[in-house]
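Among the features that TrEMBL reports, S-adenosyl-L-methionine binding site is placed at 36, 38, 63, 85, 111, 141. Under the heading domain 'Ribosomal RNA adenine methylase transferase N-terminal', TrEMBL lists 43-234.
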């Protein structure tokens with residue numbers, strides 16, 4: 001009796017190298033778009049391996065450019081690869097790749113910041129949030145200019161279970177400027193601990209994979225690049241709305257060298273500042289002398305819960321912005337201003 005036959009894995013047919021594609025289509029990395037090409041297939045294969053098994057998986061690649069990482073994803077066995085590319089110069093080369101992988105590669109000319117990924121994949125792949133992650137991955141060698149706003153957008157999507165996360169706990173494998181990668185993964189008391197550390201880690205398991213030296217890219221960036229893997233948590237470590245958590249964390253870290261109390265105070269109108277800040281710190285049971293980098297995720301959870309409680313008791317507090325209060329105060333002090341902030345007629 002014949003043994004079971006192995007299913008042959010998909011391999012792309014012989015194609016021009018990425019370098020040849022760049023020459024063929026006269027492609028050039030645009031500095032103002034912070035584009036850097038990664039031509040070494042050993043490195044693109046290594047990035048793809050960080051995502052886990054892609055055999056028969058659905059994948060969205062962000063900003064494929066000339067298609068080096070795209071080839072590695074296809075060779076890893078992805079059944080359905082959707083690439084979203086904003087720069088129309090790369091579309092012909094990606095279509096060439098699509099013809100070489102019939103039925104496997106879809107090319108979208110669009111901006112990932114506005115693209116509706118919740119409509120990009122079949123509903124059948126959806127998993128309940130508490131279950132294992134769906135067989136859907138987001139992978140990208142991101143331009144530096146878009147990496148931070150994009151991960152913040154996706155973190156908010158994770159909190160709301162919208163966008164790519166309507167399908168469940170979709171995993172992400174992304175590149176960042178090394179300093180940003182270090183912030184995303186920084187632990188409590190680390191010098192790199194930041195707003196980004198808290199926002200990512202309260203929602204995800206965040207893993208630093210490896211660093212790619214800048215010399216591997218064309219043109220060579222001034223910094224190295226870090227590869228980071230995200231798996232959304234089944235239960236976020238802070239059970240408050242994203243905007244509220246972000247506001248508390250942002251206020252605390254704006255005075256990163258001061259005691260955390262300084263940033264907490266700025267959550268409140270000047271007239272109530274000492275009183276409400278004291279109430280919040282007491283309710284959260286957080287040491288007010290700690291520096292922002294020394295606060296743990298449980299500390300931020302306690303602070304967010306205490307702030308939420310105060311917002312429920314003080315109408316308008318959630319929308320209060322100390323910068324706006326400061327702006328109005330400066331406006332009132334200008335010569336020729338009335339007490340209501342309007343200009344007196346000359």
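Including glycine, each Cβ sits where the backbone N, Cα and C put it.
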Note = Excluding its own, the Cβ atoms lying within 10 Å of the Cβ of residue 38 (S-adenosyl-L-methionine binding site) add up to 21
Request  = Determine the most Cβ-crowded residue among the binding-site residues 85, 111, using a 10 Å radius around each Cβ and all protein chains in the structure.
outcome  = 85
Key: Which listed residue (36, 141) has most other Cβ within 10 Å, given these are binding-site residues   = 141
CB within-chain contacts under 8 A for residue 63 (S-adenosyl-L-methionine binding site), separation at least 6 = 84, 85, 86, 112, 140, 141, 142, 143, 146
Query = Which whole number of Å gives the largest C-alpha distance between any two of 36, 38, 63, 85, 111, 141, the residues noted as binding S-adenosyl-L-methionine?
reply = 21
